[in-house]
Amino acid sequence: MQLSSLKTYIHREQKLLIGLALGAALTAGFISLADEMAEGETKAFDTGFLRGLRTPGDLSIPIGPDWLLPAMRDLTALGGVTVLTLVSALAVAFLLTRGRVRQAFYTALATGGGALFGALLKALFARARPEAVPHLVEVNSLSFPSGHSMNSAIIYLTLAVMISRSFEERRTRLFIIGVAALLVLTIGFTRLYLGVHYPTDVLGGWTVGAAWALAMGLVATRLQDRRKMEQPGKDPA
C-alpha cells in the first residue's frame with residue numbers, strides 16, 4: 001500500500017470512529033433523558049421552562065413583541081409532515097436530475113425510514129402533551145419525543161448530509177449542514193414557545209434525529225468509499 005493510500009485509509013477510519021463515538025453519545029443521551037422523563041424527574045424543569053416563556057399573571061400570552069407569535073407559527077410549519085415530505089421529494093428529485101440515482105434512492109429510504117422510526121418511538125413512550133400552559137396551536141398527537149424536532153432533524157440533517165456528499169469542497173459541505181442544523185434548532189424552539197412540547201420532548205427529538213442522520217451519513221460514506229454510491233464532486237456522465 002502506498003503512503004498516500006495509507007494516509008487516506010487512516011483518515012477515513014478516524015472519521016468513522018469519531019462518528020461512531022458521537023452516535024453512541026447521542027444514543028446514550030436519549031436513553032438517559034427518556035429514563036428521567038419516565039420517572040418524572042424532569043417535571044419541575046419542564047414546567048418551569050414553559051411558564052418562563054409566558055407573561056406572568058396570564059399564561060395564555062407569550063413573551064416577546066406582537067409579531068413573534070405569528071412568526072413562530074409560520075416557522076413551526078417547516079417541521080410539519082406536509083413541508084418535510086415536500087422537501088424530501090424535492091431533494092430526491094434534485095439528486096435524480098444530477099444523475100445520482102443510487103444516492104437519490106438511499107436518501108428516500110433514509111428519510112422515510114427515519115420518519116417511521118420516530119412514529120414508533122412516540123407510540124412507545126405515549127407521553128401526554130403539556131398542560132402547564134395553554135397551547136398556541138392545535139395539536140392532537142403524543143408528546144415524547146417531539147415529532148417536529150425529531151422529524152426535522154431526521155429529514156433536514158439527513159438531506160444535508162446526503163446533498164453535501166455531492167460536493168468535494170469542505171466549506172460547502174459545512175455550510176449546508178450548518179444551515180440545516182440552525183433550521184432544526186429553530187423549529188425545536190418554536191414548539192416550546194407555542195407551549196405544545198416540554199423541553200425534554202424537544203431535546204429527545206433532537207438527539208434521535210441527529211443520531212439517525214449521523215448513522216445515515218456514515219453508511220453513505222462507506223457506500224461511496226466502496227464505489228457502491230455516486231462519488232462526491234463531479235456528477236455521473
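If you go along the chain as it appears here, the first residue is 1 and each next one adds 1.
Cβ coordinates come from backbone N, Cα and C, glycine included.
According to TrEMBL, the domain 'Phosphatidic acid phosphatase type 2/haloperoxidase' annotation covers 104-217. Marked as transmembrane segment by TrEMBL: 75-97, 104-125, 145-163, 175-196, 202-221.
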* **Contact yes or no, the transmembrane segment (175-196) and the transmembrane segment (104-125), 3+ Cβ pairs under 8 Å, gap 6+** => no
* For the domain 'Phosphatidic acid phosphatase type 2/haloperoxidase' (104-217), what does DSSP give as the number of helix, strand and coil residues? -> 83 helix, 0 strand, 31 coil
